[in-house]
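Database features (Swiss-Prot):
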ACT_SITE  ASP11  active site, nucleophile
ACT_SITE  ASP13  active site, proton donor
BINDING   ASP11, ASP13, ASP136, LYS137  Mg(2+) binding site
BINDING   ASP11, ARG12, ASP13, ASP19, HIS20, GLY21, TYR22, THR53, ASN54, GLN55, SER56, ARG110, LYS111, LYS137  substrate binding site
BINDING   CYS92, HIS94, CYS107, CYS109  Zn(2+) binding site
SITE      THR53  site 'Stabilizes the phosphoryl group'
SITE      ARG110  site 'Contributes to substrate recognition'
SITE      LYS111  site 'Stabilizes the phosphoryl group'
Amino acid sequence: MAKSVPAIFLDRDGTINVDHGYVHEIDNFEFIDGVIDAMRELKKMGFALVVVTNQSGIARGKFTEAQFETLTEWMDWSLADRDVDLDGIYYCPHHPQGSVEEFRQVCDCRKPHPGMLLSARDYLHIDMAASYMVGDKLEDMQAAVAANVGTKVLVRTGKPITPEAENAADWVLNSLADLPQAIKKQQKPAQ
């Protein structure tokens, strides 16, 4: 059996990139300051990097799945060009009130459900207890709880933080950029 690895599960909009609302074009995709360096450092620390993103804009007819895939490929290559190799990219195109019939459904992949995280766990042999979920919304924290992710990290770079989201999180950080240092500080043995 393959050895399990710890992972950093990453929401996309508001965590990796600025959330301009239904981001689906390269021209509107803006990496948040410091996140690329942080992702590179997290890889060096031995974490798998896994993007788990709700993309209801597909179901809502705001953009097509092909447009999302083109942007995702560009993001993946942009990160790879900066020595950040993602281990997985999982997305949910569904929404129960979607206008595109093919994607209008209740599913187990849309956060707060844990489907994307569990799929990644099974495929990549992830040690969930040693992993982190980083996101900007309550649904990210709820998905992490449902998937038994060890540490839930809420970031201030996306949607305004709600009291419910803050209560569900283990840590609240200003940005994903702060995560490597926070993990190192936590892992430091007591003197």
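Note: Cβ is positioned from N, Cα and C throughout, glycine not excepted.
Annotated features taken from Swiss-Prot, shown on the structure.
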{"residue": "ASP13", "record": "active site, proton donor", "DSSP (3 states)": "strand"}
{"residue": "HIS20", "record": "substrate binding site", "DSSP (3 states)": "coil"}
{"residue": "CYS92", "record": "Zn(2+) binding site", "DSSP (3 states)": "strand"}
{"residue": "CYS107", "record": "Zn(2+) binding site", "DSSP (3 states)": "coil"}
{"residue": "ASP136", "record": "Mg(2+) binding site", "DSSP (3 states)": "coil"}
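Comparing local CB density within 10 A for the recorded positions THR53, ASN54, SER56, the maximum falls on ASN54.
Residues ASP11, ARG12, ASP13, ASP19, HIS20, GLY21, TYR22, THR53, ASN54, GLN55, SER56, ARG110, LYS111, LYS137, recorded as contacting substrate, have a largest CA-CA distance of 20 Å.
Neighbour density around each Cβ, counted as other Cβ atoms within 10 Å, peaks among the binding-site residues CYS92, CYS107 at CYS92.
THR53 (site 'Stabilizes the phosphoryl group') falls within a strand when secondary structure is assigned with DSSP. Excluding CYS92, HIS94, CYS107, CYS109, which define the Zn(2+) site, the same chain contributes ASN54, PRO93, GLN105, ASP108, ARG110, HIS113, GLY115, MET116 within 8 Å (Cβ to the Cβ centroid), listed in sequence order.
On its own chain, LYS137 (Mg(2+) binding site) has ASP11, GLY14, LYS111, GLY158, LYS159, ALA165 as residues at least 6 apart in sequence with a Cβ closer than 8 Å to its own Cβ. Recorded residues the residue listed as 'active site, proton donor' and ASN54 (substrate binding site) have their alpha carbons 9 Å apart, per Cα-Cα distance. Note: the CA-CA distance between THR53 (site 'Stabilizes the phosphoryl group') and ARG110 (site 'Contributes to substrate recognition') rounds to 8 Å. Of the listed recorded positions HIS20, HIS94, ARG110, LYS111, the Cβ environment within 10 Å is emptiest of other Cβ atoms at HIS20. In terms of C-alpha distance, the listed binding-site residues HIS20, TYR22, ASN54, SER56 place ASN54 closest to CYS109 (Zn(2+) binding site). Each of ARG12, GLY14, THR15, ASP19, GLY135, GLU139, ASP140, VAL155, GLY158, LYS159 belongs to the same chain as ASP11, ASP13, ASP136, LYS137, is absent from that list, and has a C-beta within 8 angstroms of the C-beta centroid marking the Mg(2+) site.
When the recorded positions HIS20, ASN54, SER56, ARG110, ASP136 are screened for a C-alpha within 10 angstroms of the C-alpha of CYS92 (Zn(2+) binding site), the residues that qualify, in sequence order, are ASN54, SER56, ARG110.
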